[in-house]
Amino acid sequence: PPVPPGPKVHATRGEVWPRPASIRRSPGFYLLRPLSFYFQITGRRCALLEPATTRYLRVVQAEAAVAAPRPSRAHRTRAERNSWARAWRTDPLFRGYLRSLQVEVEDCEDWPWPGMDESYQLVVDDSAPGASKIKARSVWGALRGLESFVQLLSPSDDGATLLVNVTEVDDAPRFPHRGLLLDTSRHFLPVEDIKLELDALEAVKMNVLHWHIVDDQSFPWQSSLFPELSESGAYDPSQTYSPENVRDILEYARLRGIRVVAEFDTPGHTRSWGEGRPGLLAACHDSSGRPDGTFANIDPTKPQNREFLKQLFGEVAAVFPDPVLHLGGDEVPEFCWNSDPGVRAYMENRGISGDYRRLQSEYLRWLTLEVQRLNRTPVVWQEAWENGDFAANEVIVHVWLGDAMDLINKITRRGFRALLSETWYLDHLQTGWEAMYRIDPHNFAGTPDQLRLVEGGEACMWSEMVDATNVHSRVWPRAAAVAERLWSPRTTRDTTAAARRLEELVCRLNRRGIPSSPANGPGYCPR
């Protein structure tokens with residue numbers, strides 16, 4: 001059939017992403033003059049609120065700038081503009097000018113945490129613009145409400161004001177853990193690009209940055225206790241995160257209500273660690289029993305290695321304040337363990353010769369207990385749980401492989417909490433946003449108690465083929481599909497309606513300086 005002209009999908013105007021739990025919009029509307037509009041803090045003056053209202057005021061002003069330069073408006077005479085303004089004032093749906101929005105918060109908190117209260121109510125009042133407000137029990141809910149408010153705005157036809165409909169929103173997330181994994185080992189990401197991803201997470205109400213900070217290929221994190229790890233394990237001295245860099249990222253995330261969960265994956269995925277720590281990794285031997293010069297996996301049989309790990313994870317817990325710490329535990333190969341004479345002798349003395357799953361299980365059980373002594377809740381990838389010996393509620397299990405729903409059913413049936421990432425791998429370019437949108441962490445026949453144990457999930461951006469030149473457009477807008485699935489009610493499933501709102505979101509992200517790929521085919525964004 002012939003191709004029709006125009007965008008494949010027509011974007012909405014002033015719609016919220018992710019879709020709120022409850023939203024009621026009326027045809028009545030206000031106009032907002034960006035240069036005179038302000039947020040009025042009427043409740044507790046939380047330290048996080050002042051920078052948030054300043055930040056969102058800049059967003060309001062930037063949104064207005066999009067509409068202003070259209071040629072059809074720029075050439076209007078003053079008389080034409082005055083005539084247009086009179087037309088608004090005589091429109092029976094016109095409610096006046098919205099000069100401010102109240103922000104009322106009951107409880108102030110300093111650091112985001114698992115299970116924080118992100119609920120809010122937002123009212124653009126039909127009868128009195130001065131009564132329009134965001135009301136939230138916690139500062140985190142106020143941040144989410146501010147994001148929803150600025151998304152309700154759309155350019156009016158005069159190019160100088162924004163339009164907002166009379167609206168009531170009563171909103172809260174469906175899942176407490178809504179995250180994005182960023183891998184900074186395979187390719188280093190500059191601090192400014194990580195901040196840009198945090199800006200995007202804020203825009204879609206995601207609340208966790210899972211920082212997969214080190215791996216086999218490089219060790220970019222600068223440890224104060226063991227500086228040799230990054231000195232020898234990073235790609236280059238310029239490709240490292242200093243303590244100041246990490247504090248900067250943590251603070252940037254905190255101001256936006258985003259937790260930073262660090263991952264230090266062991267005992268596999270540690271090849272770069274060994275560059276600065278001789279003896280840490282098991283040494284592979286050839287068939288004649290001679291070392292062949294290759295290494296893999298931490299050697300957990302050496303007391304000095306366990307002491308090193310105790311100190312290292314103690315430093316990690318001191319640097320990263322979040323109560324959750326990801327320990328990895330996936331893809332542990334047997335090679336090197338099965339040829340290292342020291343490892344083999346240890347296993348023989350323990351009566352577990354050849355049982356490398358048992359060796360991994362005992363190691364992760366030990367590490368889990370050490371991390372718990374640091375007042376941290378461990379997260380492990382599913383293989384660690386499948387091969388491990390953990391007590392219920394001792395670890396959170398992160399599912400990424402295979403029949404995810406069947407595995408989550410088994411995990412929660414045994415009383416463990418679960419996170420989902422299977423199908424949400426952003427490095428799989430063939431997986432479009434619709435496929436990610438259709439996945440639901442509750443798509444299994446579990447009891448209400450089991451469903452409550454599903455904490456949420458994460459989109460994952462592994463960086464083998466991604467660096468600062470393409471990471472943002474690979475992540476967005478597909479990660480936004482995950483964000484809506486984890487925030488919005490389960491009944492929010494219409495991909496046709498979502499496509500129009502996602503089209504608007506793509507333009508919104510690009511206007512905020514976050515490179516986002518087209519979501520649905522041919523179209524355009526107003527500039």
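Just so it is clear, glycine is given a Cβ too, placed from its N, Cα and C backbone atoms.
Straight from TrEMBL, the features:
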type	residues	note
ACT_SITE	E331	active site, proton donor
DISULFID	C46-C108	disulfide bond
DISULFID	C284-C336	disulfide bond
DISULFID	C507-C525	disulfide bond
DOMAIN	16-152	domain 'Beta-hexosaminidase eukaryotic type N-terminal'
DOMAIN	175-489	domain 'Glycoside hydrolase family 20 catalytic'
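Overlay of TrEMBL feature records on the structure.
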residue: C46; record: disulfide bond; Cβ contacts under 8 Å, 6 or more apart: V105, C108, E109, V139, A142
residue: C284; record: disulfide bond; Cβ contacts under 8 Å, 6 or more apart: P291, D292, G293, T294, F295, A296, F335, C336, S339, D340
residue: E331; record: active site, proton donor; Cβ contacts under 8 Å, 6 or more apart: G268, H269, E383
residue: C507; record: disulfide bond; Cβ contacts under 8 Å, 6 or more apart: A11, C525, P526
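Mean pLDDT for the domain 'Glycoside hydrolase family 20 catalytic' (175-489) in the predicted structure: 97.
Each residue in the domain 'Beta-hexosaminidase eukaryotic type N-terminal' (16-152) gets a DSSP state, and the totals come to 53 helix, 38 strand, 46 coil. Between the disulfide-bonded residues C108, C336, C525, C336 has the most other Cβ atoms inside 10 Å of its own Cβ, all protein chains included.
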